[in-house]
Every structure is written in C-alpha cells, then in structure tokens.
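As structure tokens, the structure follows; a few thoughts come after it.
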C-alpha cells in the first residue's frame with residue numbers, strides 16, 4: 001500500500017489487470033530495481049510540516065507588506081496556497097495512517113473512502129491551480145516587459161482578482177470531475193494533456209520574452225535608462241518564474257509520466273517496474289512545495305526582508321525547539 005493513499009487509487013485499475021511484482025518473486029530477483037524504494041511515513045510527515053510552515057510564512061509576508069500587494073505577488077501567494085494544499089493533505093493522510101497502523105484510531109471503510117475523496121480533490125486542485133497560476137505569472141511578466149507603460153491599465157487588481165477566482169473555481173470543478181471518473185482513461189489523458197499544454201505555452205512564452213528582451217536591450221539608448229532598469233527588474237522576475245517552472249516540471253514530471261504509462265502500457269514489464277516507484281514520485285511532489293518558498297525568498301529582496309520580520313515573531317519558538 002502506498003504511503004500516500006490519496007493518489008494510490010489511480011493504480012486500482014492497473015493492479016487489477018497487471019501482475020504485481022510483489023507476488024512475482026522471480027521477476028524481483030531478476031530486476032532488483034523493480035522493487036521500488038521504501039520511504040517511511042515519518043519522512044512524509046517531516047516534509048509536509050516543513051512545507052506547511054514555509055508556505056504559511058510566504059503568505060503571511062505577502063499579506064503583511066503593502067509593497068507586495070501587486071498582481072504578481074498575489075499570484076505567487078495563491079501558488080503558495082496551492083503548495084499548502086499538498087502539505088495539508090499529506091499531513092492529514094500520514095497522521096491518520098500512523099494512528100490506524102498503531103491501532104489508536106479505528107474508522108469505518110466508508111469514512112476512510114470519503115476522507116480519501118476529499119484529500120484527492122485537494123491534491124488534484126493543487127495540480128491544476130499550480131499550473132494555472134504559473135501560467136498567470138508568465139503572462140503577467142510578459143505584459144510587464146513588453147507593455148510596461150500600459151501594465152497598470154491592463155493588469156488591474158480587479159482583473160487579477162477575477163483571474164484568481166476563476167482559477168480556483170475551475171480547479172475545484174476539474175478536480176471533482178477527475179475524482180468522480182478517475183478510472184476513465186480519457187480523464188487521466190485530459191489531466192496529462194493540460195500539464196503538457198501549459199508547459200508548452202509557458203516555455204514558448206518565456207523563450208519569446210527572453211529573446212525579444214535581449215534584442216530590445218541592445219537597441220535601448222542612454223535616454224531610456226529608466227526603462228532599462230524597469231526591464232531589468234521585470235526580467236529578474238521572469239527568471240524567478242522560469243526557475244519555478246523548471247522545479248515544477250522536475251518534481252511533477254515523473255508523476256505525470258506515471259499517469260501516462262497507466263494508460264499507454266499498463267502490462268509492459270518496464271512500466272510495471274516504473275509503477276513501484278510511486279512513493280518516490282510523491283516525495284518529489286512534496287519537495288516541490290518545500291523548494292518553491294526558498295526560491296521566493298532568495299530571488300525577491302522585498303520578500304526576503306519581510307520574511308526576516310515575520311520569522312522571529314511567528315516561528316522563533318518553533319525554531320528554538322529544534323534540537324541543535
């Protein structure tokens with residue numbers, strides 16, 4: 001049984017139609033790598049706690065500092081909330097599993113199934129919303145660089161709020177559909193297709209941004225010095241979001257490949273071996289939630305300054321309680 005059972009149900013149809021490596025001792029001996037990687041529940045729990053604390057600090061810092069009250073940082077704030085959904089679902093799932101394993105908590109099968117559905121929705125909503133907010137940030141950076149003089153009239157706070165609300169509504173609806181019809185291959189392919197389409201869109205947008213910005217930088221005269229500084233600041237923001245996109249792809253890519261293989265080759269020996277590393281893919285997903293706040297802090301001087309004010313007042317007791 002997977003450590004994070006909320007996503008394990010994606011393998012139900014696979015396990016019912018494909019031979020299990022756990023029961024095929026001969027296959028396990030011939031291919032040691034097919035046995036997967038054992039990951040203790042304590043690691044899931046620790047990473048979940050670290051991710052939750054980090055993202056809460058980021059959200060708190062953005063809310064606290066009025067200089068960060070802009071569409072881009074609101075999108076980043078929502079991206080942190082998306083990461084928190086993964087952290088919270090992981091913590092709840094792991095805690096309940098540990099309590100049930102030790103006989104402290106006894107729940108009916110129907111209740112466990114309902115809990116799984118709720119956690120599934122949280123994780124699926126996190127996937128869709130994270131990709132959507134990364135796309136929104138990419139568009140925001142594009143407008144900042146190439147339509148600097150019209151930026152505040154194009155990306156108003158009202159439009160940003162509408163975009164944010166629309167993304168959360170769409171994420172909730174799509175995650176509900178995914179959970180209701182998770183055994184349908186078409187639904188899985190739609191999720192994978194959304195991941196690939198958003199990835200292609202953002203990569204294309206960033207390539208266009210960097211190439212045109214580099215070309216414009218060569219043609220800018222000394223009289224346009226202020227605009228140059230503004231563009232350099234905007235490009236720094238674009239670089240930050242490019243790093244975020246790369247980290248997201250590295251951490252979530254194996255999971256989406258896993259979903260693709262479930263549909264394309266569920267009985268192939270190589271694919272069945274790949275499926276046994278499901279827990280490792282889940283750890284990568286949680287690591288994405290841990291890494292993102294570090295990127296915000298290191299790339300944004302304003303956010304880093306605010307975090308220095310927030311951490312002592314919010315987290316000093318927690319940090320001091322950690323064994324030296």
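Glycine residues also receive a Cβ, built from the backbone N, Cα and C atoms like all the rest.
The transmembrane segment annotation in TrEMBL covers 43-63 (among others). The list of residues near the transmembrane segment (43-63) in space but at least 6 beyond its ends in sequence, with Cβ under 8 angstroms from a Cβ of it, reads 3-4, 69, 73-74, 76-77, 80-81, 83-84, 86-88, 90-91, 94-95, 98, 282-283, 286-287, 289-290, 292-294, 296-297, 303, 306-307, 310-311, 314-315, 318.
Positions annotated as domain 'G-protein coupled receptors family 1 profile' by TrEMBL: 54-296.
Sequence annotations record features per position, and here TrEMBL assigns transmembrane segment to 72-98 (among others). Cβ atoms under 8 Å from those of the transmembrane segment (72-98) belong to residues 3-6, 41, 44-45, 47-49, 51-52, 55-56, 58-59, 62-63, 105, 107, 115, 119, 122-123, 125-126, 129-130, 133-134, 136-137, 140-141, 144, 160-161, 163-164, 167-168, 237, 244, 285-286, 288-289, 292-293, 296, 303 of the same chain, restricted to positions at least 6 beyond its ends.
The transmembrane segment feature in TrEMBL is assigned to 118-139 (among others).
Here the transmembrane segment (160-180) has Cβ contacts under 8 Å with residues 71, 74-75, 78, 117, 120-129, 132-133, 136, 187, 191 of the same chain, all six or more residues outside its ends. Positions annotated as transmembrane segment by TrEMBL: 160-180 (among others).
Annotation comment: TrEMBL describes 186-213 (among others) as transmembrane segment.
What TrEMBL records for 234-257 (among others) is transmembrane segment.
Per TrEMBL, the feature transmembrane segment maps to 277-298 (among others).
Each residue in the domain 'G-protein coupled receptors family 1 profile' (54-296) has a pLDDT score, and their mean in this model is 81.
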